[in-house]
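Swiss-Prot lists 1-97 with the feature region 'Head', giving sequence analysis as the kind of evidence. Residues or ranges marked as domain 'IF rod' in Swiss-Prot: 97-408. The annotation region 'Coil 1A' is assigned in Swiss-Prot to 98-132 on the grounds of sequence analysis. Feature annotation from Swiss-Prot assigns region 'Linker 1' to 133-143. The region 'Coil 1B' feature in Swiss-Prot is assigned to 144-244. The region 'Linker 12' annotation in Swiss-Prot covers 245-260. The feature region 'Coil 2' is assigned by Swiss-Prot to 261-404. Per Swiss-Prot, the feature site 'Stutter' maps to Ala346. Per Swiss-Prot, region 'Tail' is recorded for 405-455.
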Amino acid sequence: MASKCLKASFSSGSLKVPGGAGGGSARVSTIFSSSSCKLSGLSRGPRSFSACSVGLGKSSCRAASCLPALCLPSGGFATSYGMAGGWFGEGILTGNEKETMQFLNDRLASYLEKVRQLERENAELESRIRDWCEQQVPYLCPDYQSYFQTIEELQKKILCTKSENARLVVQIDNAKLAADDFRTKYETEVTMRQLVESDMNGLRRILDDLTLCKADLEAQVESLKEELLCLKKNHEEEVNSLRCQLGDRLNVEVDAAPPVDLNRVLNEMRCQYETLVENNRREAEDWFNTQTEELNQQVVSSSEQLQSYQAEIIELRRTVNALEIELQAQHSMRDALESTLAETEARYSSQLAQMQGLIGNVESQLAEIRCDLERQNQEYQVLLDVRARLECEISTYRGLLDSEDCKLPCNPCAPDHSPSKSCLPCLPAASCGPGTAHTTCSPRPICVSCPGSRF
């Protein structure tokens, strides 16, 4: 319908009109398209035109049942036109050119009339279509905005539910992790409690061992006290016996009045032994006092340690829930206690070794004292023998002095012989004994001391 006006150019004024086989009346039918118009089925009188083609430049026109209004101009042809046609049947032009042109003009007029009619019908159809479209209620799309709002709300709820589910899943995972942590903490606490209980049992056993050691040491102290008392008693008895013996001997020797000052010697010996005994006694008392003080201090320290252990046990019972935090502190405390126990055992062993060494020293001193006492007893026996021999000699000399009435000169070898002086007889050293016979000796030229005498 939007095609341009056609310009018919007929070459050299010739027209070829195809005719039908029957040669009936002419009928024009137009067919329009975007760029062509074709005439078909033209027939007039005894001849029929089956097709008529009009060359319009580059476009062609075929007559059909309809032809658009703009395909041809409203007026006639202003320019020359050419038509070509073929006769069917006889194919021979009859009449002259004027009739042919008239025929063609009539045909063209009818054709144009038909075109105008079709244009009017087309316009009428267009107006009817336009009226129908105006009368027809326009189709409205349904309003889905409320549904969209509902869908958006539901989507928001779904997103919130998904986020809530994710949060719940995260919380569940966190709760599971926390439960696992608490389970591991509980297991560690249980194991730590078992370890602490085992440590407490070990400390109780150590405390029992220390109590037994304390009882043993107290028993040893008591036995050492008793032994010390026995030693003191024996020492006092021996000292008293020695004093009695030395006192008796002193009384006897005072009467003898020897040239050697035995009293001074005995006094010196007595002073030495008394000082030695006093020093030994003082040392023994000091040692005993120091050992007693040390044992008391050890008892006090053991009681303090026992109290500290009890306090630690109470503190451990209170701090069972915080064992994981104080684990290292408890380990260090245990190490400190073990080191203290080792130091205590080492100290006790060293003190025991010292006590054994002191006991060995005291025993060696006692052995030396016994040896000294035996030596003194031997010397005392020797002195008693000497005393007996001296008393025997004195009694012998007295008997001889009393029995003899002969008067011997004191110096018979001198030129002046005086009968008033006499010489004492000489006795051999071997004859001075309690069981020997008393014999006299011949007078000597010079009165000198006997070779075996002590005076």
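In case you wondered, yes, glycine gets a Cβ from its N, Cα and C as well.
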Checklist entry - Under DSSP, the region 'Coil 1B' (144-244) has how many residues in helix, strand and coil? => result 100 helix, 0 strand, 1 coil
Checklist outcome for this item: DSSP puts the residues of the region 'Coil 1A' (98-132) at 35 helix, 0 strand, 0 coil
Checklist entry - Do you know the mean pLDDT across the region 'Linker 12' (245-260)? => result 55
